[in-house]
């Protein structure tokens, strides 16, 4: 008796709905990977924009008037180049933080497929424009600041949209584990962005931005062609297609309007103030602020730190910095009660960061709580029981939490730019202080539910459950 091949049996064992879930999970993973891929080049290129020119062999036909800065890219050839890098980072991050609070509101009211695809295409354009400054020989700080600010605004389309899509397709039961693994897209994007930028940084740093810009723009086109926002949209569009083909006409008899109405969500989108009143939103927003301050300081300054302290060239520094993100992939936990341990050990890890081997360890501990708050916690809070079934709060809640965290993401690199001239050790003291504050705010989140219970995700459970 003949039997089906094992591979075919495996494929057919999954339902149609399971395949759609996997497809959406894969698509959103790729989409947000490209977002982080396009953010990473600036940290790699910094060490190329300002170098130690005494160690660089200059062309024979170049008339050198200043041996200290002849190889640097103006306006970053001045002694205050670290402050200028901090300004450049903040043009992106401040715009991102401000835009994020509005992005969730738009995400609840606009089709996610259009919103996400247009944001990715615009992000690709602005990322490429930064790189084109190399070929157009632009040396104006205002140009690069403007491009960074506009890029920061359009990149706010990404996170609320992808979290809302995943939240629509997956229930609370498996959300912690699924989103914990899925959230590795941030680290994967950072690694790919570092490697791609490192290929071109020493020869033509403009391509370090142009190539990632093209990649995210192409992903935006794919998003427009293939993304399905929720199961209800799939059922509705499937019924319309059947009707257009003349199939199952009985489905669209007198009960057509009723059938369509059952898959539509008529609840009103939640207001900004209403989202803030959801238990846990404020506490976890502040916790993410300090966690993201630490994470983004490493994201934007780690390659330059390695290049300055270990005297690596820009490509080697960029490649070595990916170990921090590799550690972030390894540590994707789904138990929020471990956050205390994460933050506590990360305090000591920041103080002992000098050995290169601490890159993996510190990357895991920094990205663990950060990943949980931005994924599983945001999704649970956005579907809190107090909403009484209103599913249109997910994008707004996600935007509030990530927007508050983005304030920390803006402050961290700015402080690093101001403090680093006094010594890199002082930068790590600042990061330790941020970790301590994150622990304190996390403690406040644990006691925010009344009756001696701790907040796990968005629901209150008795402490005996743990």
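Keep in mind that glycine also has a Cβ here, set from the backbone N, Cα and C atoms.
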Segment assigned the feature transmembrane segment in TrEMBL (from 51-80, 141-170):
141-170
Could you pull out which residues elsewhere in the chain have a CB under 8 Å from any CB of the transmembrane segment (84-107), counting only those six or more residues past its ends?
39, 42, 46, 49, 75-76, 78, 115, 141, 144-146, 148-157, 159-161, 164, 269, 272, 275, 296, 300, 304, 395-400, 402-404, 406-407, 409-410, 413-414, 416-418
I need to check the long-range neighbours of the transmembrane segment (114-135): which residues 6 or more away from its ends have a CB within less than 8 Å of a CB in the stretch?
31, 34-35, 38, 41-42, 73, 106-107, 143-144, 147-148, 150-151, 154-158, 161-162, 204-210, 212-221, 223-224, 227
Overall pLDDT of the domain 'Major facilitator superfamily (MFS) profile' (24-466), taken as the mean:
74
Please give the sequence-distant neighbours of the transmembrane segment (207-228): residues at least 6 beyond its ends with Cβ less than 8 Å from one of its Cβ atoms.
20, 23-24, 27, 30-31, 34-35, 37-38, 40-42, 44-45, 112-114, 116-121, 123-132, 165, 193, 196-201, 234
